[in-house]
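Structure record follows, encoded as structure tokens.
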Amino acid sequence: MAKAKFERVKPHVNIGTIGHVDHGKTTLTAAITTVLAKRGLAQQKRYDEIDNAPEERERGITINTAHVEYETEKRHYAHVDCPGHADYVKNMITGAAQMDGAILVVSAADGPMPQTREHILLARQVGVPYIVVFLNKADMVDDPELMELVEMEVRDLLSTYEFPGDEVPVVAGSALKALECGCGKEDCPWCGKILELMDKVDEYIPTPQRDVDKPFLMPVEDVFTITGRGTVATGRVERGRITIGEEVEIVGLMDAPRKTVVTGLEMFRKVLDEAVAGDNIGALLRGVDRKEIERGQVLAKPGTIKPHRKFFAEVYVLTKEEGGRHTPFFNGYRPQFYFRTTDVTGVIHLPEGVEMVMPGDNVKIHIELITPIAIEEGLRFAIREGGRTVGAGVVTAIEE
């Protein structure tokens, strides 16, 4: 009898190419798919297929992003590449393309440029944890000392933004030459470098922890009472797992978290013993009155998340064309901040030397909410005014 094919499920990692315009990010993306396709690990994508990325909308913001997928011997990758600089800014701030690591592409012929710096800063701010460097256009640099100089410059720049500049893997090659050759052989002077780069990505960027292995958290979407049983909070489990009889905390919209026990779990009217990340559930809570829990709070594993009012964030302000504001805003601007399931009013404080923020800008700001919310670094939010989105942000540091 015919045996079913054994398919090993490889660990999945999200990565992306970042770096200055015209340094070769898209060419490298095409080269990676071309070289790996020769080994049966990818579908070859042409430069123009990647470059003409479709428009997507994330939180009302228009972003052009190309998604390609490929495998190495060890892992499966989803890779994002953006045609324009503004697309990177929006992508990284909205978290439309969450990256577990990034390949920073720097032209060896030009060295680090303004967007190189800006992308490294953004990666630091929004929590891209690991960077691997590809020094592109190495075929245009004859002087090995110049190559070393550029590498040192990139390492210093990474260290400036608190990446381990001395440890970061750096591979020099030519994406264009590899793309033109496309033999995919390890001993090829061009294709070999692409394989070497992917080896470094395999080794250096760790496989991320799966959502289900993180501590339990569920944003509360709705609350109702079951006569004779008690109060039920419904929502989608964002991460972790929860079992009947476990203790949880209700966090947010009040100064201190409140403990309770989950005494029942339901999904689609069926009773569950356990719910995991991605499940839409109703959780029956012991001793909690209907008035003591509301939308906008979260249920969480005790001690894993706290309510906060003051924090720093990196934000992108929508342009008029994206449906955002037509005019700048100033220090003391009071919009709503939409976290998970609810709007909370807050005040924006601009950094010193920044007079105003124009539509289309990205800027680091300080926010003070009027009521505490369950917040942690890396949490995404929308800035809204009268029900329409005028900006997107990510929490970069918590003050109190």
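From the backbone N, Cα and C atoms, a Cβ is placed for every residue, glycine too.
Here's what Swiss-Prot has on this protein:
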- 10-209: domain 'tr-type G' (DOMAIN)
- 19-26, 81-85, 136-139: GTP binding site (BINDING)
- THR26: Mg(2+) binding site (BINDING)
- 81-84: region 'G3' (REGION)
- 136-139: region 'G4' (REGION)
Review point. Based on Cα coordinates, which of the following binding-site residues are within 10 Å of the residue listed as 'Mg(2+) binding site': CYS82, HIS85, ALA138?
Key: CYS82
Check your understanding: Counting each residue once, how many in the region 'G3' (81-84) are helix, strand and coil under DSSP?
Key -> 0 helix, 1 strand, 3 coil
Exercise for review: Quick one: among the binding-site residues LYS25, HIS85, which has the most Cβ atoms sitting within 10 Å of its own Cβ?
Suggested key: LYS25
**Study point:** Spatial neighbours of GLY19 (GTP binding site) that are distant in sequence (at least 6 apart) but have CB under 8 A
**Key:** LYS25, LEU104, VAL105, VAL106, GLN115, THR116, HIS119
Practice item. Name the secondary structure element type, per DSSP in three states, that contains GLY19 (GTP binding site). Key: strand
Point to revise | Rounded mean pLDDT for the residues that make up the region 'G3' (81-84) | key: 86
Review point. Quick one, of the binding-site residues CYS82, ALA138, which Cβ has the fewest other Cβ within 10 Å?
Key: ALA138
Check your understanding: So how many of the residues in the region 'G4' (136-139) end up helix, strand or coil by DSSP?
Key -> 2 helix, 1 strand, 1 coil
Check your understanding: Which residues does ASP22 (GTP binding site) neighbour through Cβ under 8 Å, counting only same-chain ones at least six apart?
Key -> SER107
